[in-house]
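Annotated features in Swiss-Prot:
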type: TOPO_DOM; residues: 1-5; note: topological domain 'Cytoplasmic'
type: TRANSMEM; residues: 6-26; note: transmembrane segment
type: TOPO_DOM; residues: 27-62; note: topological domain 'Extracellular'
type: DISULFID; residues: C35-C42; note: disulfide bond
type: ACT_SITE; residues: E58; note: active site
type: BINDING; residues: H61, H123; note: heme o binding site
type: TRANSMEM; residues: 63-83; note: transmembrane segment
type: TOPO_DOM; residues: 84-90; note: topological domain 'Cytoplasmic'
type: TRANSMEM; residues: 91-111; note: transmembrane segment
type: TOPO_DOM; residues: 112-121; note: topological domain 'Extracellular'
type: TRANSMEM; residues: 122-142; note: transmembrane segment
type: TOPO_DOM; residues: 143-158; note: topological domain 'Cytoplasmic'
type: TRANSMEM; residues: 159-179; note: transmembrane segment
type: TOPO_DOM; residues: 180-203; note: topological domain 'Extracellular'
type: DISULFID; residues: C185-C191; note: disulfide bond
type: TRANSMEM; residues: 204-224; note: transmembrane segment
type: BINDING; residues: H206, H266; note: heme b binding site
type: TOPO_DOM; residues: 225-234; note: topological domain 'Cytoplasmic'
type: TRANSMEM; residues: 235-255; note: transmembrane segment
type: TOPO_DOM; residues: 256-259; note: topological domain 'Extracellular'
type: TRANSMEM; residues: 260-280; note: transmembrane segment
type: TOPO_DOM; residues: 281-301; note: topological domain 'Cytoplasmic'
Amino acid sequence: MHKKLAFFSGFVTLGMMLVLIMGGTVTKTDSGDGCGTDWPLCHGKLIPTNPSVETMIEYSHRVVSGIEGLLIIALAIWTFIAVKHRVDVKIFAFLAFIFMLIQSIIGAGAVIWQQSDAILALHFGISLVSFASLLILTILLFEGDREHQVVSRRLRSHLYGLSIYTMIVVYTGAYVRHLGATYACVGWPICEQEVWTFESYVQMGHRVMAGLLVLYTLYVLYLARKEMNRLIERGMMASLFFILLQVGTGAWIVLGGHATYVPLLHAFLITCYFGILSYLSYHAYRSTARQDGAQLKNMNG
């Protein structure tokens, strides 16, 4: 086991979580234009003078994101040098870097070219994939070459499906924020106003999809229990905990949670949920690949 590398990877993963939360703060406080249309400079300067609150929020997000990007590069290089025999570990280090790079490009584009709400909504989801890649990398480094229980094809397929569907729900949630549709509905869980706007339909659509996500999570947990797969079952129980809290904070936002920390908690919970789900999905893929490899070895033996 590469302990130092594993702990460093864990530190970088926490850094990515901080980047996600700070990005949510930028969106919540409408600070995306806090540095004007300059990037990477802020109002034409390396360090802004007499900054407003919005400028400080946007500038600090850029600084932390830049430091995190350098840490991810260092982690990827260290991983490629130290863990030459593990292709999967190197792949996740590479994915973390690539998605961090894409996220930075979209962030810069939002400042310079004023992207549409539909494009801006991709920003959080891409950052989420980078975080999940770092989390999986960290877990793999701590695990070493440990063997795990094989996951059935049905359970594996539903884990993949749940992961993909989660990304769609995450996108709709980000679109709600960037569209300014957070308070487009009166009441919860159903929009109770007589006149519905486009923003109301977007908000209600996100609620319906989030409700289905909870049901799908329950179903995958049921499958894991039925097949007595303890690792998947424990992981899905943790996922259910986070998604229920996620729905609760969503209702809190609509019903009066106007404080900045409430939507940030909302983003934190879905990040934890997706991180766990991503690892379980890869675990399912990995266990199947090892089973196929063992069968092929027996046939050739």
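Cβ atoms here come from the backbone N, Cα and C positions, even for glycine.
Distribution of Swiss-Prot features across the structure.
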| residue | record | Cβ contacts under 8 Å, 6 or more apart |
| --- | --- | --- |
| C35 | disulfide bond | L41, C42, H43, P48, T55, E58, Y59, R62, V111 |
| H61 | heme o binding site | V19, M22, G23, T25, V26, S31 |
| H123 | heme o binding site | G23, Q103, I106, G107, A110, A174 |
| C185 | disulfide bond | C191, E192, Q193, S200, Q203, M204, R207, V254 |
| H206 | heme b binding site | V169, T172, G173, Y175, V176 |
| H266 | heme b binding site | Q246, T249, G250, I253 |
- Query: Could you give the mean pLDDT over the topological domain 'Extracellular' (256-259), rounded to a whole number?
  - Reply: 70
- Note on the structure: For the transmembrane segment (122-142), out of 6-26, 63-83, 91-111, 235-255, 260-280, most C-beta pairs under 8 A are with 91-111
- Task: Could you find out if DSSP has C42 (disulfide bond) as helix, strand or coil?
- Result: strand
- Item | For the recorded positions C42, E58, C191, the one whose C-beta sees the most other C-beta atoms within 10 angstroms | E58
- Secondary structure of the topological domain 'Cytoplasmic' (225-234) by DSSP, residue by residue, totals 7 helix, 0 strand, 3 coil
- Message: Quick test of the contact rule: Cβ under 8 Å, at least six residues beyond the ends. What residues does that give for the topological domain 'Cytoplasmic' (143-158)?
- Response: 1, 216, 219-220, 223-224, 227, 229-232, 283-288, 290-291
- Message: Contact between the transmembrane segment (260-280) and the transmembrane segment (63-83) is defined here as three or more C-beta pairs under 8 Å separated by at least 6 residues; is that satisfied?
- Response: no
